[in-house]
Amino acid sequence: MVNLVIVSHSAMLGEGVEMLARQMLTGDNCRIAVAAGIDDPDHPIGTDPIKVMEAIEAVADTDHVLVMMDMGSALLSAETALDLLDPVIAEKVRLCAAPLVEGTLAATVSAAAGADIDTVIDVAMNALAAKQAQLGITPPAHAASLPAQAPDSDARSVTVTIRNHHGLHVRPASRLVAALAGMNADLVLEKQGQCVKPDSLNQIALLQVRCHDAVTLSASGPDAERALAAFESLAAEDFGEHPESMALKTSASTVEKVQGKAVFYPLPLAQPARHPCSDVGQEERRLQQAIVDTLNDLNALAALAEKKYGASVAAIFSGHYTLLDDPDLFDAACKVIRNDSCCAESAWYQVLMELSQQYQHLDDAYLQARFIDIEDILYRSLCHLKGRDIRLPTPDVPAIIVADDIFPSAVVNLNAQLVKGICLREGSTLSHAAIIAQQAGIAFICQQGAVLDIIQPEDRLLIDPAAQRVSCA
């Protein structure tokens, strides 16, 4: 006798498939258990290995248990459950790669008829045949196992190590697919010699990317640089799975209306003058030293962030370090210095502002918001090049910072006892500045536009985070 376990990211989906499958039964010769969703009312979509283990145990009084899964972390949770189970029970369990709905229905019918486990699996794996025949579709032989072609020899590539606990499962993989969608580039995602096109969740799933795996994105074509930048940034952000990706989800309920004196903070980044240089080597050395100094700053900022707000905020500046510690950026700036015989400040500004523009033109709002991080790094490194101090807002009375936008490094340095709120003409609630402000308990509103034109220095302001509104108190 074969019993079934249905594993899905969604409790509603899992229960719905179970309901359909039970319509196939006329007796109790195939029992079905469900392990779907997670016990978090705010974020119910996901899979839980403990639930899977308990579901298997509930129907383990049989010869075999067949586990049907949707995709991504459902497979990982099922595999983890096998490790947690009593070995005697684990020996009975088989994981099935068939499509969840059609495969479960077919497996239920076969199991209820008394078929052995191998037959049940075979029937489930061929469950799409009827639908394909009805639609006149001839399935390509071995389509799912065919890898993409290896990247062209002239393609550029970026390799990252996956830090997501469950690897590239549905949610992080979907963010990758969305970020790369529509780019005019030939893209190949590779892990240990296996190559797929990163435009399909299913293809990415075929790579079975686990935590600590190294994966490489290769790109050629007009949008190759944009694609690689998006991939590298997403990886630095753990593909949106980091707790910081929730941004201001609860900020409206945790920060009340606040008042303070208006303190203007003009974004300190300005385009440097383009001076000619007579010693190219000297300019390259100046730039290299400024980058080293900035990397040291970012390490210090990460330490400060961890001390004040924990590891999730510290990871922001560790990500900045990764973005800056890229020899391609330095090489690109050196090329500008040599070709244009210009100073390091001008060349560095050109290269990083081009990168900032690439981020701003991405379709993914989460990635778009990262352009200000690039400009934060640029400002800090220009200060080192020019021998200038970093300019930060330091009010001495309860204040509301008023600015066009604000750097994450400025927010992490704010005295949250005195800075009651941040009010931006532009900005984004998905920005790292917003995330840090929320951790600090500082009210944050953005996209205020022309409303800020009527505010004068020393005005007393009232910020309502829930309404995303500012007014004179």
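Heads up, the Cβ atoms here are built off N, Cα and C, so glycines get one too.
A quick note: this is a predicted structure, and the numbers were derived from the prediction, not measured.
H9 (active site, tele-phosphohistidine intermediate) is surrounded by 23 other CB atoms, counting those within 10 A of its CB over all protein chains shown. In the three-state DSSP scheme, H9 (active site, tele-phosphohistidine intermediate) falls into the coil class. Among the features that Swiss-Prot reports, active site, tele-phosphohistidine intermediate is placed at H9 (among others), with the record citing sequence analysis.
Taken from Swiss-Prot, the feature active site, pros-phosphohistidine intermediate applies to H169, supported by sequence analysis.
Residues or ranges marked as active site, tele-phosphohistidine intermediate by Swiss-Prot: H432 (among others). Secondary structure at H432 (active site, tele-phosphohistidine intermediate), taken from DSSP and collapsed to helix, strand or coil, is helix. Neighbour count (other Cβ atoms within 10 Å of the Cβ, all protein chains): 27 for H432 (active site, tele-phosphohistidine intermediate).
Feature annotation from Swiss-Prot assigns domain 'PTS EIIA type-4' to 1-137. In the domain 'PTS EIIA type-4' (1-137), helix, strand and coil residues by DSSP number 66 helix, 22 strand, 49 coil.
Taken from Swiss-Prot, the feature domain 'HPr' applies to 155-242, supported by sequence analysis. In the predicted structure, the domain 'HPr' (155-242) carries a mean pLDDT of 84.
Summarising the annotation, Swiss-Prot assigns region 'PTS EI-like, N-terminal part' to 266-472.
Rounded to a whole value, the Cα-Cα separation of H9 (active site, tele-phosphohistidine intermediate) and H432 (active site, tele-phosphohistidine intermediate) is 29 Å.
Per-class residue totals from DSSP over the domain 'HPr' (155-242), listed helix then strand then coil: 34 helix, 22 strand, 32 coil.
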